[in-house]
Amino acid sequence: MKKEEYLEKVALANLWMRAYYEKDEPLASDEEYDALIRELRAFEEQNKDEISKDSPTQKIAPTIQSEFKKIAHLKRMWSMEDVFDESEFRAWAKRAKCEKNFFIEPKFDGASLNLLYENGKLVSGATRGDGEVGEDITLNVFEIENIPKNIAYKERIEIRGEVVILKDDFEKINEKRALLNQSLFANPRNAASGSLRQLDTSITKERNLKFYPWGLGENTLNFTKHSEVMQFIRELGFLKDDFVRLCVNLDEVLKAYDELLALREKKPMMMDGMVVRIDDLALCEELGYTVKFPKFMAAFKFPALEKTTRLIGVNLQVGRSGVITPVAVLEPVNLDGVVVKSATLHNFDEIARLDVKINDFVSVIRSGDVIPKITKVFKERREGLEMEISRPKLCPTCQSELLDEGTLIKCQNIDCEDRLVNSIIHFVSKKCLNIDGLGENIVELLYKHKKITTLESIFHLKFNDFEGLEGFKEKKINNLLNAIEQARECELFRFITALGIEHIGEVAAKKLSLSFGKEWHKQSFEAYANLEGFGEQMALSLCEFTRVNRTRIDEFYKLLNLKIEKLEIKSDGVIFGKTFVITGTLSRSRDEFKALIEKLGGKVSGSVSKKTDYVLFGEEAGSKLIKAKELEIKCIDESAFNELVKE
């Protein structure tokens, strides 16, 4: 890299850093920014006499510019040096001249906060800012419930940590913002930072922020180990994460990194790495600091789950109900070992909200098995080659005219090939008729060869329909035909679910089955609307569907021997009338526990509220368990639940 290119990259890095810190509006993904900083460092290591004083490697953050007052930290708040793989980690340890006794904990992806206590009382809260001076957000800090306002320690002390938003709360915040037609937060970190810097404290309060401590600033304590410091902080009443380790050597640190990385998706809050810190405080003091970092600690970063790429096109998919879903075609990008080439755009209202165009640079996130999605459009990086994404007029599959309802655009042709295929795939899926061996690819193959063309045709398949088809041998054919025969004996609620009626899912299907039996499709609007949990929209959907398909449903009854499960509810037990929430990994499926609770007269809810009576938790329980403890709801493990059931 030449000096001119280096200076250009310094300017670009500063532009990205100011957008991130001052406006909470990133112009690049973390992965892009980290890569740029590493380029600068590589040049600077080889050209120490040409290092620009403006380089982001030489400072913590831009000067603060905001409506909040400034507040000086009593001791500087440092950033951490990033390491990205084993070799970089071992190189850091070698520079620190330490290969034993490390304190490690998760690196939460949130906003850093400095709390000042005097005479046992919280007197101020400030953002990191430039490390020396932050923003005075004291009023907002008082709205964070899990920050103690009084502590059992009278000396002046600065307690530092990370403010985060739990993943579930983040989704709720964005759902609410979407309804209000407000711009969505790109990620929980931006949401946490934005929530701390609200002029209206009531907004901060409703965001349900959490504070996790990670260290001290000013203090007069005499501990010799950082692990003792953290134990002291937690005894003052601060939240502790479950994953904290003392590692005796480098290999143990690497093992802990792998363990924490495996928990990444299951943690209730976002993590972007693991903090590794020398536990011996005397050695930390001896090592000291660089211009920007402490030499005794590092952030061992996880592989990026969010990256920047270019949107190069849009494909249209037709669902079983006829709804057209736009899917972004992306320049391939590797996200945590998976090559991502597409991302959902949900609907055309979402395209308008994002103001995304073909050839835009976009930020794409992938989380677990969730379909990749676009979280941000970098409009400032447009080059004049971008093209609008127009709303379609014709179905991409059958070319029939589409019905544009605003948010949803639908194909109304019931013979549209994509609609039929997706309806069949849904009909045979696990939560519906659960026909083992009849997966998506097999359905598409059978439809292509006209072996199945309707839902009913599944039950007319014969051995010779499969002969000559690729991959089908005698054993496989017989297994599939046996699975189809077994599906004839399914429960009525599964059949209702399988029909794919708009607004009618598994829970509603069970209610219909138990309330009306096989006559469920011959009821009035009033009968549907009066069911517990049903409303006008569901009743209208049922009336319209059954009006059109009543005869067809009766014909299905001739093909199937549907069973109606009678739910015998025990009304004299301790569970009767109680509401449960189930979270974490248990020895049996959630459906099994749900069925047992309902049989004993209880109810199972999907979210924790003040109306919840019990939270049944298993291993790696997440945000629901945290919220339950905050609301002082009774939390029981599987063993306690089994004892409760016996009573």
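Along the chain as shown, residues are numbered 1 onward.
Any Cβ shown, glycine's included, is placed from N, Cα and C.
What you are looking at is a predicted structure, and each value in this text was computed from that prediction instead of being measured.
Per Swiss-Prot, these features apply:
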type	residues	note
BINDING	D30, E31, E32, Y33, D34, S79, M80, E105, R128, E162, K301	NAD(+) binding site
ACT_SITE	K107	active site, N6-AMP-lysine intermediate
BINDING	C395, C398, C411, C416	Zn(2+) binding site
DOMAIN	570-647	domain 'BRCT'
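Positions of the features from Swiss-Prot, shown on the structure.
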residue : record              : CB count, 10 Å
D30     : NAD(+) binding site : 20
E32     : NAD(+) binding site : 19
D34     : NAD(+) binding site : 15
M80     : NAD(+) binding site : 18
R128    : NAD(+) binding site : 23
K301    : NAD(+) binding site : 20
C395    : Zn(2+) binding site : 23
C398    : Zn(2+) binding site : 14
C411    : Zn(2+) binding site : 26
C416    : Zn(2+) binding site : 21
Mind tallying the domain 'BRCT' (570-647) by DSSP state, helix then strand then coil?
-> 27 helix, 17 strand, 34 coil
Give me the non-local Cβ neighbours of K107 (active site, N6-AMP-lysine intermediate): same chain, 6+ apart in sequence, Cβ-Cβ under 8 Å, ordered along the sequence.
-> M271, D272, G273, M274, V275, A299, F300, K301
Just the number: how many Å between the Cα atoms of D34 (NAD(+) binding site) and C395 (Zn(2+) binding site)?
-> 43
Distance from C416 (Zn(2+) binding site) back to D30 (NAD(+) binding site), taken between C-alpha atoms, in Å = 43
Rounded to the nearest Å, what's the C-alpha distance separating C395 (Zn(2+) binding site) and E32 (NAD(+) binding site)? Just drop the number here, would you?
-> 38
Find the shortest Cα-Cα separation between R128 (NAD(+) binding site) and the binding-site residues C398, C411, C416, and name the residue that gives it.
-> C411
Given the recorded Zn(2+) site (C395, C398, C411, C416), which additional residues of the same chain have their Cβ within 8 Å of the Cβ centre, ordered by sequence?
-> V318, G322, P396, T397, Q399, S400, L402, Q412, N413, E417, D418, R419
Length of the line joining the Cα atoms of C398 (Zn(2+) binding site) and M80 (NAD(+) binding site), in Å | 56
When DSSP states are folded down to helix, strand and coil, where does E32 (NAD(+) binding site) land?
-> helix
